[in-house]
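Listed in TrEMBL:
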COMPBIAS  118-130  compositional bias 'Basic and acidic residues'
COMPBIAS  142-152  compositional bias 'Polar residues'
COMPBIAS  153-163  compositional bias 'Low complexity'
COMPBIAS  164-174  compositional bias 'Basic and acidic residues'
COMPBIAS  240-269  compositional bias 'Basic and acidic residues'
COMPBIAS  299-308  compositional bias 'Acidic residues'
DOMAIN    597-610  domain 'SRP54-type proteins GTP-binding'
REGION    118-269  region 'Disordered'
REGION    290-312  region 'Disordered'
Amino acid sequence: MLDQLLIFTRGGLILWELGSSLKGSPIDALIRSCLLEERSADAAFHYDVPGAAGGAAYTLKWAFDNDLGLVFVAVYQRIFHLLYVDDLLAAVRREFSRIHDPSRTSYDDFNETFRQLQKEAESRAEEMRKSKQAARVPTAPKKQTSGSGKQRNSGSSGNTSGSGKDESDGDSGKGRWLANGSSNGQGNESKDNSRAPSGFLKGKENGAPEVGAFDVNKLQKLRAKGGKKTDSGGVGSKATKAEPKKNVKKNRVWDDSPSESRLDFTNPVDERGEEPLEVVVADRGESMMDKEEIVSSESESEEGEEVENEKPCTKKKGWFSSMFQSIAGNAVLEKSDLKPALKALKDRLMTKNVAEEIAEKLCESVAASLEGKKLGSFTRVSSTVQTAMEEALLRILTPKRSIDILRDVHVAKEQGRPYVVVFVGVNGVGKSTNLAKVAYWLLQHEVNVMLAACDTFRSGAVEQLRTHARRLQIPIFEKGYEKDPAIVAKEAIQEAKSNNSDVVLVDTAGRMQDNEPLMRALSKLINLNNPDLVLFVGEALVGNDAVDQLTKFNQKLADLSMILNARLIDGILLTKFDTIDDKVGAALSMVYVSGAPVMFVGCGQSYTDLKKLNVKSIVKTLLK
């Protein structure tokens, strides 16, 4: 049973609604989690009512009228498998588009039309179900066909051509049963034999194969020739193969400065590292977080000049071929028109290190938003697709909520508690290093920071964080190794309250997304201490693996959580961004999968090398 059908504009104005009241807000969840996140090409959206005792759940399906800017949404309970919903949405879209008037805001006269369309769709679905059941019935009697098959074979050996003629002149209904795989009725087998490749049968029985028949002798000769060639080629390659020269590795010189002979710059300290180092806060300068700079490898001005230089060439090249199509205008875009442009766009995104699955879904979503839309005069399909993709990427990468950590820190300070940030991620992505960069940035804004060494698993992790704490002159809470990290974090937060620290940065052990014991320990740490921010630290170098990492991290945190509303990843910190040139697709893949914004970008080895994500620059680089 259909619970609700809703028609509204892309601006959010509800034009028509029919149905009962729903539990929760499935329509809002669909718009927030699916339509705005460029997942409109999905077949359906499933919504679980939060806190429902009976486990109420809905399935939502939708359709677009891109020319009029309308959205049609049908809602029904998930336990019902309604087969007519897609057909009903198509009929409602067709009929409502005919009576749509931009000046009208109410369509009460559409109620009777909808009821008639619903009855027709239900009757068509019922007829289809009955026809499928009827199609399965003739498949039962298979023993009769084996017995009658022998009889037909013996009868057809005497007069093969006559039997073929009689069966071909038979009822056309039997021919359809044959196409569906049924073996009911006489003459099906002989008709199959008549359709078999005649050359192969004659060559096997009479010894005279026709053209196109399978010749074993010829295949053996070709294999023999191929084997000789490969053997001779292999000997020659071994004889002519020369030993590679050994290249001696030289010291790398990064600029014109003279090379340094001394490589060990560490200061002599004891095993606890108690000797004070110089304060680096005043020497390192301002963090890049407070500077408006471009994240990509090239400056925005250079990119703009390249685009301007490329435009005349592109126009000159494609103007004559698309002149007649562009002059006509008002052409309705179809899937066949969009397919070449979307294929080129998908390949371009994949070359920028976007995961293949994400690129495919984005192109499908753009196609769904453009299909049925009228193309304006002097407008090319490729430019229309490019503009739609650019708008989609901007919507995805733009944060949906505030990512101002400094404001949240002051709010927590007014409440008399420290602001807690937990850094999580796989092994070797730079969690401890970028934690120190975040601490340096917070210190520049006069925020009291304390570090919590909760990586009690990796050897040297506590010493590494202790070194950062000494260089930044900030306190650190540590308990050594082989301790429960959840308890260590809890004691660190209590220590921060007594010391009036504003922020606690919790370092955790690196773990693979498939390591259940370590993921269980991480879930315990998050659920026990309820941090204000869970930051996933990921490399900008990864492509398809970014999807797997984030998906499984969120899945494990949800599955292993002991509370109903499990804490998931709140934000992303991308590291090693200075090593990827224009392969910036990992940022898009991570944001698309998790829905969490990119809050920091690590782009170097010093404490100041921490930036904000420039969304416009990333979009330009992806589509360049």
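Placement of Cβ uses the backbone N, Cα and C atoms for every residue, glycine included.
Nobody curates TrEMBL annotations by hand; they come from automatic prediction.
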Taken over the domain 'SRP54-type proteins GTP-binding' (597-610), the model's mean pLDDT: 91
Secondary structure tally of the domain 'SRP54-type proteins GTP-binding' (597-610) (DSSP, helix then strand then coil): 0 helix, 6 strand, 8 coil
Helix, strand and coil counts within the compositional bias 'Basic and acidic residues' (118-130) (DSSP): 13 helix, 0 strand, 0 coil
Distant-in-sequence neighbours of the domain 'SRP54-type proteins GTP-binding' (597-610), which means Cβ under 8 A and at least six residues beyond its ends: 280, 284-289, 295, 397, 399-401, 403, 405, 430, 433-434, 436-438, 440-441, 472, 535, 540, 571-578, 587, 590-591
